[in-house]
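Here's what TrEMBL has on this protein:
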type     : residues : note
COMPBIAS : 654-666  : compositional bias 'Acidic residues'
DOMAIN   : 118-596  : domain 'Major facilitator superfamily (MFS) profile'
REGION   : 646-666  : region 'Disordered'
TRANSMEM : 109-128  : transmembrane segment
TRANSMEM : 166-185  : transmembrane segment
TRANSMEM : 192-214  : transmembrane segment
TRANSMEM : 220-238  : transmembrane segment
TRANSMEM : 250-273  : transmembrane segment
TRANSMEM : 293-313  : transmembrane segment
TRANSMEM : 406-428  : transmembrane segment
TRANSMEM : 440-461  : transmembrane segment
TRANSMEM : 473-493  : transmembrane segment
TRANSMEM : 505-529  : transmembrane segment
TRANSMEM : 541-561  : transmembrane segment
TRANSMEM : 573-592  : transmembrane segment
Amino acid sequence: MAGGKDSFSLSEKLCKFKEDWEKWIRRQIKDRGGDRSVLCDTTSLTEIREALTSLAEHLPTVSVDELERAFSIAQNINYYAVAESSENPMPNELTEDEKKCIRNEREHVFSQPGMPIIIITVSLAAFLQGHVQASINAADIYAMDGSNPLHLPKGEETWTSGAMNAMPYFTAALLGSPMSLPINICIGRRGALTVSAFLIIASSIGSAFCQTWLELLLVRIIAGVAMGIKAVSAPVLASETAVRFWRGSIVLAWQLWVACGILMGSVINMAIADATGYLEQDRENRSRLALRLILGAPAVPAIFLLIAVAMCYESPRYYMRSDTPGYSIDRTFQILLKIRSHRLLALRDLILIWWPNRPQRTELDQTSIERIKHSGLTYMGRVVASLNLSKLQYSTLFQARFLRNAVYSTCIVSLAQQLCGVNVFAFYSNKMFSGAYGNLKATLAYSVGFGGVNFLFGLLAMRSIDTLGRRRWLLFTLPLMSLFLMAAAIAYNDNFSKGIEARDIVGTVFVYCFVAAYAPGLGPIPFTLASESFPSSHREAGASVAITMNLFFAGLLSILLPEIYDAFHARGTLGVFSVLNVIAFILVLFLIEETSSRSLEDLETVYERPKIQLVMWVWHEQLPYFVHKWILWRRNVEEPVPYDSYGGERLDGESETEMESLGEAR
């Protein structure tokens, strides 16, 4: 009887677990409709009809009735998103095929037919970025070789090596990222990726033929410009083409394939070292050939990127700004037809993109004049117009509170990625652990393992970055990263022997655990936030500022780390970054909002609230709930008030005043 009772009890528990799991899945995926639509406050039928009639003039194959039906779907977007069956009463009756497409859009990451080629293009751009980083990392070993193939100045090898390694990141931050704005305005996201790929090919071939460290330093300026342009353009392309439910998972391709690029770049570097005989004990005068091959290797994936870009669709949002040379509503619609699974969804997204930036009646004449003016531009005139628009974007980036808050949030997360210490291993893994393992082969193998862990655990963020959210992933992983780094610092032995000691292996395991925690959280989220947080009127400028912050501090870390390592050794260096992870956690906890499951056009409502409200909500709602439930283990703790409902009224008057000041830029 006891056995039967235990069995029955176990069966009940399994059934209860299954029910809870299904409820959680439904809550996280099937029932999530996101938040308010940007159209929900629009109720004037006359205004809607006039606006849609104006829109139909740009769409020869679309009737006003079709647009009105799509507008109704867009206006009630959350209601239709959770419509499961034909029995549900809806403002507009949907066919079974339309319902199926809407459900698939919500429940399946890869439900849109035109997205695979975009994902492949973004992934190749990211792979190239990671491969270049791995090339820079490995080249440092050969440049510091006893044969001195790059003729580094005696006694200044450390600073010279740091300058060579930092140059691509500084130029990416100070030249490449800002340049991405006029380039994106002038020739689009695909054009920017094309420019970047050609620059990588040129810099890779040039690096392979450099005879001195100064020549390599200058060539790496070109590589840095390419890295900066690519780091802004590729995530923005992914963000602007993805559906709102899975935007984070699509942009995740950037960080995931950067990690894969580091992994495969490390494998290629190890293969080159082995093929050239550099791994043998007697390796005199073999470093120059290995160095040239490693520096030239990124040219190969750059060629594949060019092929992918040739087959990739442009971002539909690129064609929707009436003040840019590429303005074309019909072309936007044609692209949406290719990258959405149903014509209704294409029309719905067209309206959601167009509505917030539509020309008002008082602006129609001026907008028409500007469009005619742009349509006849020469190439030089197009460049000048793009530069003027870039200047306008930058000059108005801090005028409205929602723009300022978006800049603060994206820059904080970008800074946190550098504070966490992951680039200690990404940039200098070979240097950091050459002492621990005593031989080059084991050190290169460590770099391969680092890239593999980063790539594999990055897969955990697929779907979950959209269901759990960006903020929750950061708050969960940052404390773990700090603990793992501190454990690694304690484990490592600074008195390296030539053999591998047990404590060094334990330390490496903790470093891999640190990377595993980093990969799904602070790995993809900085670029996700940078690419999605800004309205279309300032998206390129905002993303470039955030990524400039990321790359500038990456360069600063790259040039300072050799000196930090010489001063503190492995244990001290890891301990410093463990503390910096705690600081990053505090910044995220009090200053970073959640952005998942909202359309790009609706994220303005997330950032228009003062930061102090987020601080007060965390202090008065989220922290007490966490302490009572998870530290004091009290049951039946009342759930905290959602942040969207906290603080009562929104400062609409102030927002309207700020938006009026931005009218010229938008």
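Placement of Cβ uses the backbone N, Cα and C atoms for every residue, glycine included.
When Cβ distances are compared across the two stretches, the transmembrane segment (109-128) makes contact with the transmembrane segment (250-273), since 3 or more pairs at least 6 residues apart fall below 8 angstroms. The transmembrane segment (220-238) and the transmembrane segment (406-428) are not in contact, since fewer than 3 Cβ pairs between them lie under 8 Å (pairs 6 or more apart in sequence). Long-range contacts of the transmembrane segment (573-592) within the same chain, counting only residues at least 6 positions beyond its ends with a Cβ under 8 Å from a Cβ of the stretch, are 408-409, 412-413, 415-416, 419-421, 424, 432, 470-471, 474-475, 478-479, 481-483, 485-486, 488-489, 492, 522, 561, 564-565, 611, 614-615, 618-619. Looking at which of 293-313, 440-461, 473-493, 505-529 has the most CB pairs under 8 Å to the transmembrane segment (250-273), the answer is the stretch 440-461. Beyond the transmembrane segment (473-493), the same-chain residues lying 6 or more positions past its ends with a Cβ under 8 Å from any Cβ of the stretch are 413, 416, 420-421, 436, 461, 464-465, 501, 503-504, 506-508, 510-511, 513-514, 517-518, 520-522, 525, 570-575, 577-579, 581-582, 584-585, 588-589, 592. Between the transmembrane segment (406-428) and the transmembrane segment (505-529), three or more CB pairs separated by 6 or more residues in sequence fall under 8 Å, so the two stretches touch.
Counting only same-chain residues 6+ beyond the ends of the transmembrane segment (541-561), those with a CB under 8 A from a CB of the stretch are 159, 162-163, 165-170, 172-174, 176-178, 180-181, 227-228, 231-232, 235-236, 390, 393-394, 397, 403, 406-407, 410-411, 413-415, 417-418, 423-424, 427-428, 526-527, 529-531, 533-534, 573. Same-chain neighbours of the transmembrane segment (440-461): 130, 134, 137-138, 141, 248-249, 252, 255-256, 259-260, 262-267, 269-270, 273, 278-279, 425-426, 429-430, 433-434, 473, 500, 508, 511-512, 515-521, 523-524, counting only residues six or more beyond its ends whose CB sits under 8 Å from a CB of the stretch.
Sequence-distant contacts of the transmembrane segment (293-313) (same chain, at least 6 residues past either end, Cβ-Cβ under 8 Å): 114, 117-118, 120-121, 124-125, 127-128, 131-132, 135, 138-139, 142, 190, 193-194, 196-198, 200-201, 204-205, 207-208, 210, 216, 241, 261, 265, 268-269, 272, 276, 335, 338-339.
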